[in-house]
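Annotation comment: TrEMBL describes B:78-110, B:168-209, B:210-253, B:254-295, B:307-339, B:340-372 as repeat 'WD'.
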């Protein structure tokens, strides 16, 4: 077995280098897990990309058998090695050997007897076979008792529970054909906005160490970039999630005398994601401000929803305003939002929006730009602290 | 999305399946019926499902332009953990991250400058879950202590971070994943006891629990949907389940993986999610079609995928594997775009930054790497 395979199976122009690297990597892992071992007395399980011969490990010693390598087995192995090498064990092996002698002192006779028996049986085999069996065993113990500094490849992390019978009756519905065009549409629309795919202007901070991109796109930047303003047109959700977009939308609604809709929606969000203890007070506040007859900022909800909502208010919980919130959200989404996109205000924002200039590639890479620190959001500021607000 | 109606606290017999459940009003041809949440969601799906023949995603994507040469490199290496890095999360400021490791250490870094800003030592080992609060003022973490604790971040030199620790969630087995919802006040957790749960941070009260997995739950992700009411979880029972947060009911379940599901992540539009599993594949599940629509696998990939995340446009899927590599997949065409080497042990966690400029991977080799 020699290392010469192409990991991809088919060499392709320009990809051969990568395929070979993947092949070497996979080969190295197979060796590290003990499925292959170097034939000539190995101290470490590593894959050397030269003419070193490797052999397949015998299935008896495969890690996948998940056969626990017991202390007794290890003791016998070390005893054999000690006898063969007249006590000249490696440091860590000597340490283990001494420890085991103390731990299983009650069965030490068994250990020594077994070791001698196995060595005697080995002498009756051909020299070639003896070498192979010794190497196999050595590789096995390198995997199961790695020397200091070598990570234990058998470690799996905390034990996971096995799969019991499913308690839930799975919903069996006829699975119909999928419509794939939403994915194509979404990805092609968002592609130019994806910094990893299309880059970003002026430059990707991680690549050039220049954090101007973040300054220009700060959550409360005064002049948003063109790409950012464009995104507000992709979906109502995008507009609301951007603080600057939401603020402009609020201005627009004020012009249309329907700003209470957005305020109501914001209050409902606060209720849904707020602390449990604040629920009764918030529900009451929302009722007084938006839902009570003659309220200062009364929202226009259909009578059916209003009836249900008011009925639910006697036992307030965080989802009690969900119906009303959805109704108002849909109203804004289907009515105000499209008008906003067609409005002069939005068109003006698009034309005023900035397009940052690309940072020229650094000619002298060793003159690295200093990486600016930024204030942590956890620092106390003059404004309202964290928690609750989005 | 249009006619979804919501939960009212009425219990009774569902008009469709006749089971005793919490009911919601559903309007069919101006007649009011009462459906349980499961039947209501199924009805919604059936109405929305297009009647098209089964065509695979990669076939439809043939007409899409192929991606060009792809070059991503390690731009930052964060060294400081003394043991395996198990989990990480980004702050909304796009540069800070929190990471947790096997030795109980949880560190907050400004990964742009690679400075460590906060460090706390948990009283347990194997801190498998950590999350950054949306405000950037707190972090949550947990692991073999079966709890999820919230630590407010403080720069006060006289204050010991561990002193202000708040114990929020209590499970009966290890904590595998946690995430804040839209605010600092609620946390969603997943545990080795087979359940997920929603908690109020201030009081530690259990708001909702989610039962249905047949084995340990290993991961969860909140839906980026407009109404923000669902999340997906994956577990050792090979199932990915979508839950309604208000009623606690499982709305959809997907069982096509052949081994434990280590990671689930929503597609940016919220219409689908990807999963990474010990069976060495990643899969894409469409929520409206209610089925798997793509598999990302290769014969040369034989180690499990531990962590997956999408790029901002959803065109790329980054997956970290137990063979120390990160594979980058073209979501539409189903082909691998690139393989990234660098880590010297398992990649245990991977997240794309909030603005999509980079992604960070954490590994059992004690380091984190930011790639761009």
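Each residue, glycine too, has its Cβ placed from N, Cα and C.
Just so it is clear, the model here is predicted, and its values are computed rather than measured.
Most Cβ pairs under 8 Å with the repeat 'WD' (B:78-110) belong to B:340-372, among the candidate stretches B:168-209, B:210-253, B:254-295, B:340-372.
For the repeat 'WD' (B:307-339), the DSSP counts in helix, strand and coil order read 0 helix, 19 strand, 14 coil. A Cβ distance under 8 Å defines the sequence-distant neighbours of the repeat 'WD' (B:168-209), meaning residues of its chain 6+ beyond its ends; these are 126, 128-135, 137-138, 140-150, 215-222, 228, 231, 233, 235, 243, 245-246, 248. When the repeat 'WD' (B:254-295) is classified with DSSP, helix, strand and coil residues number 0 helix, 23 strand, 19 coil.
DSSP assignment over the repeat 'WD' (B:78-110) gives 0 helix, 20 strand, 13 coil. The repeat 'WD' (B:340-372): residue composition by secondary structure is 0 helix, 17 strand, 16 coil, according to DSSP.
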